[in-house]
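Take a look at the structure set out below.
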């Protein structure tokens, strides 16, 4: 690119980023915590945080970028898409519930639900380790975690329920001690999962992020501290990535590695530009359907395809020409574009506005629920979907749909089982008293 193109692109970025940040600040001023505010931050991180990294990589290390027109189109698409989302979110009226004082302070139902969720996550991790040991010390490269030498890969999908169980415990007691306990226990579990799976940082990162958000939600943590610790997390994730990929770098090479790992981890915005360049065969809604295939065991579906073509695999194999088992995320906008071009982006962002509004409505309902156990469980469910919210923006809409349904089914089943056990215990006490 020519210097004038860098300047024009940077000017567009600065204007767009400033407008986005003003929306984020306005959302925070209106309500200290909301899923709209959280979605806006994740969206900004995904489509705007990586721009400075990309420019520095191009200017200092001669890294080739997609052409100027496609990068500019990506920035404009990200901005217009967010404005459409924002319009729909604001136009949908939140059904206001009458505020009621809690009258039922029983905790047994929530304790049982939390215990079941924690046991699912803990036993899944133990089973995975018993099959494979600690993969961080066995695998030569990170992509091997998707190979046939690793057993029990589906168990990884259940690890996160341990964090969900901790969230129920937190909302049940809601004090600083349980807040700190959430961090210590969650980080320990996430760190152990990192060692077991061979470098997956999701559980550790989510435990820390949820700790920060809970602190903000309950007023234990100021916004300034949130920014400071959030920036520190970028450094932590970088160090964990170095360990995951067995990288030993220093000096100029370390700075280069930091830039591209930070961009690829937090803000793969260039992927959208690559999609705009490449001629596509639009996939329609089938990537959403196909993404559910991963949850169907082979014994249940003998003819299950070996390769599941969702938007991530389509982007990795067809656009990037990468045949490895490690797929690369197309982002929210990229997944919509693969499904149906700019028309699907518009429809999808409007639908996203409705989904985020629904989460905010559910959280508002949970906070004022008359039953203490139900309030704790519903608030925990909302916060536990932070992982799915990150998946939505970073990985794509198809991945979000399947994970949301899977998580909701397991979470709901645990709640129903806990409620049944609680009713049995209560009925036994009633019979004894008679």
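Yeah, the Cβs are placed from backbone N, Cα and C, and that goes for glycine too.
If you look at the transmembrane segment (6-25), the same-chain residues 6 or more away from its ends with a CB under 8 A from one of its CBs are 37, 40-41, 43-44, 48, 51, 55, 59, 68, 71-72, 75-76, 78-79, 82, 86. Per TrEMBL, transmembrane segment is recorded for 6-25 (among others).
Look at TrEMBL and you will find 37-58 (among others) tagged as transmembrane segment.
Nonlocal intrachain contacts for the transmembrane segment (70-89), taken as residues 6+ away from its ends with a CB within less than 8 angstroms of a stretch CB, comprise 8-9, 12-13, 16, 19-20, 23, 36, 40, 43, 47-48, 51, 269-270, 272-274, 276-277, 333, 342, 345-346, 349-350, 352-354, 356-357. Taken from TrEMBL, the feature transmembrane segment applies to 70-89 (among others).
Remote same-chain partners of the transmembrane segment (110-137), defined as residues 6 or more beyond its termini with a Cβ less than 8 Å from a stretch Cβ, comprise 145, 150-152, 155-156, 158-166, 168-169, 171-172, 189, 192-199, 243-244, 372-374, 376-377, 380, 410-411, 414-415, 417-418, 421-422. Marked as transmembrane segment by TrEMBL: 110-137 (among others).
According to TrEMBL, the feature transmembrane segment maps to 157-173 (among others). Cβ atoms under 8 Å from those of the transmembrane segment (157-173) belong to residues 107, 110-111, 113-122, 124-125, 128, 179, 182, 185-186, 189-190, 193, 202-203, 206-207, 210, 214, 295, 372-373, 375-377, 379-381, 383-384, 387, 406-407, 410-411, 414 of the same chain, restricted to positions at least 6 beyond its ends.
Per TrEMBL, transmembrane segment is recorded for 180-197 (among others). Proximity of distant same-chain residues to the transmembrane segment (180-197), defined by a Cβ-Cβ separation under 8 Å and at least 6 residues beyond the stretch ends, is recorded for 121-122, 125, 128-129, 132, 134-137, 145, 156, 159, 162-163, 166-167, 169-170, 203-208, 210-211, 214, 240.
What TrEMBL records for 225-245 (among others) is transmembrane segment. Residues 136, 141-142, 194, 198-199, 201, 204-205, 208-209, 212, 215-216, 257-258, 261-262, 265-266 of the same chain sit 6 or more residues outside the transmembrane segment (225-245) yet have a Cβ under 8 Å from a Cβ within it.
Residues or ranges marked as transmembrane segment by TrEMBL: 336-356 (among others).
The feature transmembrane segment is assigned by TrEMBL to 376-393 (among others).
Within its own chain, the transmembrane segment (405-426) has Cβ neighbours under 8 Å at 108-110, 112-113, 115-117, 120, 157-158, 160-161, 164, 292, 295, 377, 381, 384-385, 387-388, counting only residues six or more beyond its boundaries. For 405-426 (among others), the entry in TrEMBL reads transmembrane segment.
Taking Cβ pairs closer than 8 Å, the transmembrane segment (336-356) reaches residues 35-36, 39, 77, 81-82, 84-89, 92, 272, 275-276, 280, 282-285, 287-288, 311, 314-315, 330, 392, 396-398 in its own chain, all 6 or more past its ends.
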